[in-house]
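Inspection log for the structure reproduced underneath, given as structure tokens.
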Amino acid sequence: MKSSASQSGSFSGSTVVTAGRRWPITIQSLAKFAAIVTVLMAMVPFAVILLGWSSDQTEVWQHLIATQLSTLLRNTLVLGIAVGIGVTLLGVSLAWLTVMYEFPGRRWLDWALMLPMAMPAYVLAFVVLGLFDFAGPLQQGLQALLGDRYSYFDVRHEATVILVLILVFYPYVYMLARSAFLSQGSDVMEVARVLGATRREAFFKIALPMAKPAVVAGASLAVMETLADFGTVAIFNYDTFTTAIYKAWFGLFNLQAAAQLASLLLLFVGVALLAEKQSRGGSRFTQSARKQHQFRQALSPVAAIAATAFCLSILSIAFIVPVLQLLHWVLLEGFDAVDQRYLGLLSRTLMLGAIAACITVALALLLAFSRRSAGAKMRSFYDMGSLGYALPGSVLAVGVMLSFAALDQQLIAPVMEWLGMPSRQMLVGSVYALLTAYWVRFLAVANGPIDSSLQQLRTSIPEAARGLGVSGWSLMWVIYLPMLRPGLLTAVVLVFVDVMKEMPATLLLRPYGWDTLAVRIYEMTSEGEWQRAALPALSLIVVGLLPVILAVRASARH
Amino acid sequence: MMIPITRYSLLFPLIFFVLSCGENTTDSSIEKMQYATADVLELPELLVYSARKEHLIKPLFDQFTAQTGIPVNYVTDKAGPLLARLQAEGDNSPADILITVDAGNLWQATQVGVLAPLTSAVLAANVPSNLRDENNHWFALTIRARTIVYSSTKLAPEELSTYEALADAEWNDRLCLRTSKKVYNQSLVATMIAALGEARAEVVVAGWVANLALDPFSNDTKVMEAILADQCDAGIVNTYYYGRLMKSKPELPLALFWPNQQGDGANGRGVHINVSGAGVTRASKHKQEAQQLIEWLSSAEAQIMLMDLNQEYPVNSLVPLNAELASWGEFIADNINVGEAGLLQAQAVKLMDRVGYR
């Protein structure tokens, strides 16, 4: 066994040398091939969407430019930028507080602040509307109290949409920044302080730049999710690119125009991703994976109380109050809906989430390693695999469906016919189509934490291991996987929870009998029966807590 | 370093184990499904693509199965995605029936050729001609009236007359509407274009927008809640949303008004109605059983169930209204063919965009 020395810093497969002759196929080339196939498969739905340009939709574009386009562009930009800034500020400050300081409740707030992750954006949106709109308890209570002097306010505002999205998406940044700060350890800060930096300087000049890959990865996930969001903006009737896509499809019966709009949205995201890469630039920080000293600074009593209050109030608005409201609705509606079929919903939701999380994380790992050893051109090719996250779910699902339908009709049907078997479709309406849509959509989510933890890995460690004769799969097993564990764990949790919350692709691609909790929520909310949606929504949150708690326990053991 | 390594290395076989377990489970489920589809060849089993929600349709399927022994499976989604799925699946589609909640969607399904025409004396007798496709590709199952709702403390019914009158200047800052993205409003405006012509319809809708007290709402219930909170005096909603709200709180000061009941031409054209309806897919392998289900859905027994489930009006004129529907009073309905809304829907959407109706 001899390692290929040229591939330093990467997961290089061992080249098997037998009697002085190299076998042509190495693990590395197999992995590279698999990675390329993965990216190509992830890009097929986009090719289908780009085919939308083959038809002439000048008239629709003229109409859009004359009426709504400027508003749509403005709203989409405002939403993307505001949510990006909001999640970064909130996520980083919470992570910094819980990692670096000691204050009352820190031990449990540390993990509790991840809980809003389990809250689907559309659920928080309808809870906020239910609490604060005209018929909600707040305004009704004030009205009862003040009588005629009370004047109602309309909660449906741009700021509310932005706030809701920040509250559900900040955990992306929080989780990634938290593990980055944790792995930095307090040594870094101590050294900086010894060298005469103030705490502020140490944070802005040392700790934050070192955590930048993680923070940027988290924020870009939040922004992409925001751009693809339909549920929340629909509840607040806030017009974005996504609503225009659906309007073209459902209102104008024009799927081609919808596809063209969707590809324009992709352009937005492409630019954003490019900017992200630029901002990351040459910054690459590595550190040892050795357990870091974590010395938390005690805060003055006043500051400690302020810290607790800040964390607690975010947790309350984003999680505790909405859950209580859901619970209240559940109690009002009763538990009639809980029957044998309900257990089926629960188990299918969990199963799809678990399977999809494993597939997605495995593929993301494959891509991450391939990217690491690739040149600049190939690297941007691998990056294309992440685009799926930015497409509105339904549009991506249609792309997946059309490509599988083409396979069914052009490939499988003729073969079946040739074999003399009755023709029926194998792929569309199968679990495989659904799982494909999931991993294409959520590859970017798994990619973020894996990539950023891989970037923090000092290249000398695998080199040293290789020097000691560890190579190939054992290098993966013994060095990489253990050292990437926090990142992998985060990736599994994020994808797991995201898949369970996913609604449009599940609706379109599920085979019959594969209803999930998200499907049940859709059934209720689409008719405006939000109180009846409370039970499946609450169940979804509880089920979504499982992976979050498992990860928290695992990282506590770490 | 050694101890953690062994612990970690246990993690991954575990993940792969879970993965393979999961895969096995899906495999067996798929086998089961394929088994089920294979069975279909002997034992008819219907698959319905339904934009009508599960809780509004399942009781009927259960009843049909109980009576005929034919099992009915269903997949629910919005009409657009279901239609896209039917189109993509083409001749291989396992679906036998498409059910949607808007005539425009049924019209579109006919346009793209996924529905098969039916010859049925039962349906011809049970479903009035303006509530079905002229070539019998689809048939309405229920009628949904979209009418004016108003605050009974602030308004007398005499102050209301037509949909168009809500565009008058005296209504400034007093009107609440649902978003134009909802197909119910698109159909309403589409039939208004049919009645008034595009230019006049545009003036009316622009007048509505000018009279809005608040931004359009995401659903009909929110429109009524805004009226109850004194934010506006009247709005336009489907009657069953009114029924649902009043069921929980009968004392609410809200009332329905039937517009466009008197006068000549467009003024007396009647209340705008939309339908939920069904058609048999072109790819269906069980057209006979599928037709049997749709025929049964138009029967008095099923029509009563549909009416009682969601307070929608029956299409079968032999079915007497239940007490609640009857209490809302009788009205003249616009007798334009509801499919016309589909033809004019894109035009209506663009019109609403032009006048800034969000």
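Including glycine, each Cβ sits where the backbone N, Cα and C put it.
Features of the protein shown, as given by TrEMBL:
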DOMAIN    A:73-274  domain 'ABC transmembrane type-1'
DOMAIN    A:346-551  domain 'ABC transmembrane type-1'
TRANSMEM  A:30-53  transmembrane segment
TRANSMEM  A:77-99  transmembrane segment
TRANSMEM  A:111-132  transmembrane segment
TRANSMEM  A:159-177  transmembrane segment
TRANSMEM  A:248-275  transmembrane segment
TRANSMEM  A:298-330  transmembrane segment
TRANSMEM  A:350-369  transmembrane segment
TRANSMEM  A:389-407  transmembrane segment
TRANSMEM  A:427-446  transmembrane segment
TRANSMEM  A:467-497  transmembrane segment
TRANSMEM  A:533-552  transmembrane segment
Folded-back contacts onto the transmembrane segment (A:77-99), same chain, C-beta under 8 angstroms, at least six residues removed: 106, 109-110, 113, 158, 161-163, 165-166, 169-174, 176-178, 180-182, 203, 207-208, 211, 215, 218-220, 222-223, 226-227, 233, 238, 240, 268, 272, 294, 296, 307, 310-311, 314
Outside the transmembrane segment (A:389-407), six or more residues from its ends: residues with CB under 8 Å to it: 44-49, 221, 224-225, 227-230, 242, 245-246, 249, 255, 258-259, 262, 265-266, 268-269, 425, 427-428, 433, 436-437, 440-445, 502-505, 507-509
Proximity of the transmembrane segment (A:467-497) to the transmembrane segment (A:30-53), 3+ C-beta pairs under 8 angstroms: no
Cβ pairs under 8 Å between the transmembrane segment (A:159-177) and the transmembrane segment (A:248-275), at least three: no
Listed stretch, out of A:30-53, A:111-132, A:298-330, A:533-552, that has the most CB pairs under 8 angstroms to the transmembrane segment (A:350-369): A:30-53
Leading contact stretch, A:30-53, A:111-132, A:298-330 vs the transmembrane segment (A:533-552) - CB distance under 8 Å: A:111-132
